[in-house]
Every structure is written in structure tokens, then in C-alpha cells.
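Below: the structure, in C-alpha cells.
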Amino acid sequence: MASLRRLTELLCLPVTATAADIKTAYRRTALKYHPDKGGDEEKMKELNTLMEEFRETEGLRADETLEDSDPEPEESGYATFENVSVPDIDGAFFKLMKLKKCMQTYFSVNERRKQQSCPDCHLLITSITKMPQLKAHLYEHFGIKGHIVAHWTGIALLVLQLEKPTRISTVHNFCKKYCTISICSVRGIKKNCVHALIKTLLDVPGLDLEECSIDMNVVDEKQFMHAMLYDYAVQIDCTDALLLLAIYKRLAQPTDKCPECQKDKDTVKRKRSTHIDDHPRHQHNASLFLHIKDQKRLCQCAVDAVLAEKRFRSATMTRDERLKERFRTVLRNIQELLDGETEAIDDFVTAILLFNMLFPDVDVIVDILQTMVKNPPKRRYYIFKGPVNTGKTTVAAAILALCTGASLNVNGTPDRLQFELGCAIDQFMVLFEDVKGTPEPDTNLPSGFGMVNLDNLRDHLEGSVPVNLERKHQNKVSQIFPPGIITMNNYVLPHTIQARARTLVNFKHIKVYAKALRNNISVLEQRLITKPETLLAYLLIRPESEKEISADLRAEFLTVIENLKFEVDERFFQYNNRLHEGLCVHE
């Protein structure tokens, strides 16, 4: 009683103040005494202690009805009312939490923001007399799979397991219609925690279980595993959230009805070569993914996990280790290709020989790869220059696919370069594709801003100091800009850019190559010449370039390399002669 008197004194209230008045005055007085507001810290501590004791006392208060000493006559025409003392349900929850602190795992008492907004299980608390009526109304209005009714210290607890997720506010507002005087409180139970909560409730002293229609032997359905989605995105190296969403939703269908799983094993034509192995493992998790509302957000988080993995590799691995790991992945793809159909091997060998016709100087390719690995400052860019349709982009795209990196367009206005350059974050190399500038005489080429923009990116080209790169919705990253290749038609090459280039490679028209490529339409349609497997195989079959590849890597894939050389040697003379005549190799 003394603590209550002191509390009302601090709150400037009479001793007879109601619980609602005390709570309202507490919020107002707390602002007055709060240290951050210039108040008294000691009084604030005292006020919080007294208020906590008051809440505990309110939670222990029992329901009472007070009878009038001089009741009205039975037929006086006036209605009679009971003075009902309503216990503070938050206090009851506080006492319940105090008895069993581990129940905080299953639902939140004070911080409703931490609750799931649409759980499928709810905990209701009301009076024992109101419970039967309220339960009947709930069964009429909601689809209910099961329930549990328990009595504890004068109140009734109802655990509802609904057929579909329902907002906490929806259940609470429905119950309030029938609980105008009786206490009523609704709490959402976290997903897949209903059985654990019930077991915890049964251990509370003084709790009596009245009804139970929930099967306690049924194991909770497995929850969607975010980690599986993230690992899958990293596995397929997907940095497009919408593409990942579409791919993962298709894994939800049964494997026996999946068109991809029914296809013959052809890793060249199938975009996701690991689909047959991934589908059974992810099918259940993907079916749960279909019922999640924020699918795009989860896929964006998975894409962030892919970018984070790249950032980790960039920070912890040397460039030589990164390229060696990439070669290992491409060699596995070559092994699967050589184990495939003969028709696919024929096209693969044709692509290798066509690449040899387009760019026979393998030493330049080796020098480019070594420069990409060493990444020396100043002179670390290669310029591919030549007329239109001479194979500049084909060779550059093959190198980019083998090393991995980003293709950048710098022909726009300078204000558009900021986020374009941000695509180079954590990349191994970059390709400045089809850079425009001032046309050379008699070329009839359009002019552009590309050369001017590159000239203004001297720190990026030199790689001597870190530069700030930025992606949308991400913080700036300071890093050494990656090395790369510049492709251009016959534009005037500024001296300042040429001074920062390692080599200028000139391309010319090769009529026989163009004719052979047109006649071998299957190679053209599958874009096999720009595939990383084609370029690496080209390096492996040339003796002068094979020795530049790591010896331990060649020893690890010795059988694959020998099989590759056998397939090429078996077809070389026939295919090479027909290609140099501009004919299709299959005729």
C-alpha cells in the first residue's frame, strides 16, 4: 500500500485513482522525469520500479462482483448492473512470462512489431464464463483445424489452429464484439511453434487442460529455408532477382511432370545444366516458396548473397587463384560436353577450328590472360581496332566469358557513367564495347562520346589508385578498377588512351571465315565461338599455349584434355579443309 501511495504521489493523483488513470499519468510523468528530456534520473528510476510493482499487483488481482447493500426492487423498471473488476491482461501475461520465461520464444508480449502479422495459430485469453460462447462464435466464423482450452488462475486460455493465416487484428476485433465487459487478449503464435508452446503451457503450475483437439504427435510442417534459396543462387551465379524468382518457382512442380527433367541429358543446350540434380533437392522448399508473399524481396536477398560471395572471393583470393578456379569450372563443362552426343561434339570442334581461323595468333590470347592475372598498373588494357564485322567483339566476348567480367557501354553522356561503371564492382575484368569517338576520314561512322569519356577515366584505366564505384541502392565501394579490353571501329584513337594501352590489335576482314560461319548455321545459332569452353579448348590444343596453363590443373584434368585432343585430331583434316573452302562440315 505504501508503494501505491508513493506512486500516486509521484503521478500527482489521488490514492483512489483507477488503473487506467495511473497508466495514463505514468506516460505523461515519464516524459517529465526522463533524463534525455532534462528530468530527474533518480525519480525516473523510482517511478519505473513502483510502476513495475503496480503491474505485478494488477496481474494478481482477482475478479470480484460487489453487491449493492440496498438493491432495487425486482420490477422497479431500472436495469441492475454489476461492478466488475477487470484484471489487467498485460499483467497476467507478465506473470505468465515470469513463471515460464522460455515462452518468450513462441510469441512477443510487449513488442507487437516482432510478431508475424498473419500467423495461422493464435492464443486467446478471456474469462472462464465467456470462453464457451466465444469458442462457438469463432468456430462459426473461422476455419479451425484444432484448438486447446485450458484454465489458469481464474482465466481461460484458448489456442486456435486456423486453416489459413489470419491477421492478429482480425481475430482480436472479432472477439471484442462478444467481450464488451470480459477480458479479451489475442496473441499470434510464431510459425511452427504451436506444439512447443502447448508443451510449455502444460508445465505451468496450476494450469488445467480442459479440451484438446490438436494432434500433438504430428510434426510441424517444415518451414521455408532461406539458406537453400541463397545457396542455389550462388550455385548458378544468378545476379538477376526476377530471373531467380522464375527459375525457383519452376522447381516447385513435381519432377515427373517437369519438362526440363524429361529432356535427355544435354548440358550444352540446356541453360541450367544442373537442373536434374537440383530439382529433387529443392522441390519441397520451392513449393513452400510459392506461398510466400514477398518472393521478390527474398530473391533480391539471394542476389545480394551472390554479390557478397563475389566480394569475399575478390578480397581473399589472388587473381591467379580466381582464374584457376574458373578454368576448373570450364574444364568440368568440357568433360560433360565430351560425354554427350556426337552431334554436339561435332559442333564444338567446328567452333574451335573457326576460332582458329578468326584469330590464329594464340600468343596474343596468352598475353591478354597473363595481363588480366598480373593486373600491372598503367599498361593493362588491350585495344581491338578494325572495320565493322571483323570479329573484334567475338574474340573479346570469348575472353570475357572465360575470365568472367562485365561489359560496359561508355558511349552515353558523362552523367550516365556513374552506375554503368558500378557494374565493374568485384569483377575480374571489363570490356568497353564498341567505343565511339571521332571517325577517321572516309569511314562514314557516327561520332560519339566514348573516347572522351574514356579519356576522363584515366585513374580507371591506369589502375594505380583505388576509385569509387557505386551501384544503385548500395554504398560506394573503393577498389582498383579491373583491367580489360576496348573494342572500337576505325575511330581516331587519342594519344592519352593509347599511352595507357598495352597493345593495339588490328583486325581485318577474313572472307573465308565469314563464308564458313554463314554455312555452319548450328555453330552460329548456339553462339559456340564465344563460349568459354571453346576458347579454353583452343588454348589446350595449341602446344604453345597449353604449357602456359597451370601444370597441376592439367594433371587434374589429364583425361579430359586427352579426350579433347583425340576428338579434335579425329575431325581436324576433314573439318579444316571444308571450313577453308567456306563449306558446312556436315555436308
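Note that Cβ sites are derived from N, Cα and C of the backbone, with glycine treated the same way.
Marked as DNA-binding region by Swiss-Prot on the basis of sequence analysis: 102-219. Residues or ranges marked as ATP binding site in Swiss-Prot: G386, P387, V388, N389, T390, G391, K392, T393. What Swiss-Prot lists as domain 'J' is 6-82. Residues or ranges marked as domain 'SF3 helicase' in Swiss-Prot: 360-520. For 58-78, the entry in Swiss-Prot reads region 'Disordered'. Taken from Swiss-Prot, the feature zinc finger applies to 221-319, supported by sequence analysis.
Secondary structure of the zinc finger (221-319), assigned with DSSP and counted as helix (H, G, I), strand (E, B) and coil, comes to 66 helix, 0 strand, 33 coil. Sorting the binding-site residues G386, P387, G391 by the number of other Cβ atoms within 10 Å puts G391 first.
Residues N489, F507, H509 surround the recorded ATP site, their Cβ atoms falling within 8 Å of the Cβ centroid of G386, P387, V388, N389, T390, G391, K392, T393, which are themselves excluded. Under DSSP, T393 (ATP binding site) is assigned to a helix (H, G or I) in the three-state scheme.
Counting other Cβ atoms within 10 Å of each Cβ, the lowest count among the binding-site residues N389, T390, T393 belongs to N389. The 10 Å shell around the Cβ of K392 (ATP binding site) contains 24 further Cβ atoms across the protein chains shown. Same-chain residues at least 6 positions away in sequence with a Cβ under 8 Å from that of V388 (ATP binding site) are, in sequence order, N489.
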